[in-house]
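For reference, the structure is listed below as structure tokens.
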């Protein structure tokens, strides 16, 4: 066993003395050491129940003959970090989580790992670590929040952000906003729509790294405690059979995940995280392939914010496996791949029927014949831009309008809320990319302000930043190259005509080559906004959004 390096032999007597200090017995040290990565904390609603999940995992590991040992991972609540400097520190934690988990796993010679994440950057960060360390690993998340109820209708956090915009437009009173505030987030768990956290937990299941129900069983259900116990037991099987993350997360597994992504209508953040996870697994996953998969993969779900169904509804309908079963009817998945169950995808999804065709459309009757996400290209986004097509109003799928240009999120929000943005405009928010932000902030506040003020079907927003999974509308993010490195988005001027054509995957602005070159000559890079601490190091190492904003050591010239 890998842990023999710290538990066996006379040379390891000092190591054993330290295990003795932990209260571990010789009998426990004779068993495999299973690291349980706990993301529990008291600041993230999606993580406040993870202590209970961890205890259940420990019981499962012990029942199956292992010795569970818990160590922590950090996690940020994107909702609490939203709209201020805190959002610069969200995406960057993905890589901190991957790095620190790698360090803990390698330093202590664990035989296997059980990852217990839940929210936005925590899930991909731990998937990246799993691929890097490549010892037997399984995931069990904390589960989604139940939807709130306001006046008898299901609501979620995206409704809350839009209520603030509606108040600014004079469409809601402060008392009505307060009612939303008190009711939209009724339980612990990851926010209740198909936002980033739930997207990544569902895609963990699709990749084969989580058991059935990992992405959809609500946080407050006792079924999730049982799932955690099963995950603890299952890791011992994976260890015995030496099934490792890179055996599971193959190139075909990532193509499966993209297909499920398109069917579910996941957050556009998946287009950042899947390439980054694939990179750690030794797989080159170019975002361009998303359009190829989208062209043949129907969109089957319109969960919030795209529609009025929620994660609890998806769970009742049969969950991720039911969606995969629908896709398999048209041969859209590779089903012979091994998963963390020790079985193939085909074996896993057999008999997992769609129990609610209103939540999961049958593949013969999809919301659209194409997937939920589109990658756009053109002179505005030479490398790529990403949009959640399933959350765009039909009248905005093709749009032409004047650019309203802002060099930071705050200036754009002020303009939107003060009524300076009108129907037909295209809001451009730049210098918010991975380097320029730094940290590629989510533009949920401006998109929610646009929707709340009744402009969601007439105003588009384009940014080199990114969007919360709770954003809806013609919200095009991840524009690459970003403004900070001289991408064309830096050269747009107020009033330039922008042409958006989502069905044809194009994003352009009307400018001659000569004029574009003139503007480029006059452009110069800006000084970094932050020059100390982790964000300064991140700025120096982070790559473009179209590459998943992975980190690379700068080459010495």
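Every residue, even glycine, has its Cβ placed from backbone N, Cα and C.
Residue 468 (active site, proton acceptor) falls within neither a helix nor a strand when secondary structure is assigned with DSSP, and so counts as coil. The 10 Å shell around the Cβ of residue 468 (active site, proton acceptor) contains 31 further Cβ atoms across the protein chains shown. Residues or ranges marked as active site, proton acceptor by Swiss-Prot on the basis of sequence analysis: 468.
If you look up Swiss-Prot, you'll see 78, 120, 121, 442 marked as Mg(2+) binding site, on the strength of sequence analysis. Taken residue by residue with DSSP, residue 120 (Mg(2+) binding site) is part of neither helix nor strand, so it is coil.
Long-range C-beta contacts of residue 119 ([2Fe-2S] cluster binding site), restricted to its own chain and to partners at least six residues apart, with a cutoff below 8 Å, comprise 39, 44, 46, 47, 75, 76, 77, 78, 190, 197. Residues or ranges marked as [2Fe-2S] cluster binding site in Swiss-Prot (evidence: sequence analysis): 119, 191.
Taking Cβ-Cβ distances under 8 Å and a sequence separation of 6 or more, the neighbours of residue 121 (Mg(2+) binding site) in its chain are 75, 76, 78, 90, 91, 93, 94, 97. According to Swiss-Prot, the feature N6-carboxylysine maps to 121, an assignment based on sequence analysis.
Sorted by the number of other CB atoms within 10 A, the binding-site residues 78, 120 start with 78, the lowest. A gap of 10 Å separates the Cα atoms of residue 120 (Mg(2+) binding site) and residue 191 ([2Fe-2S] cluster binding site).
For the Mg(2+) site, the Cβ centre of 78, 120, 121, 442 serves as reference, and the other residues of the chain with Cβ at most 8 Å from it are 76, 81, 87, 90, 91, 119, 196, 197, 269, 468. For residue 468 (active site, proton acceptor) paired with residue 442 (Mg(2+) binding site), the C-alpha to C-alpha distance reads 5 Å.
Residue 442 (Mg(2+) binding site) has a Cβ environment of 32 other Cβ atoms inside 10 Å.
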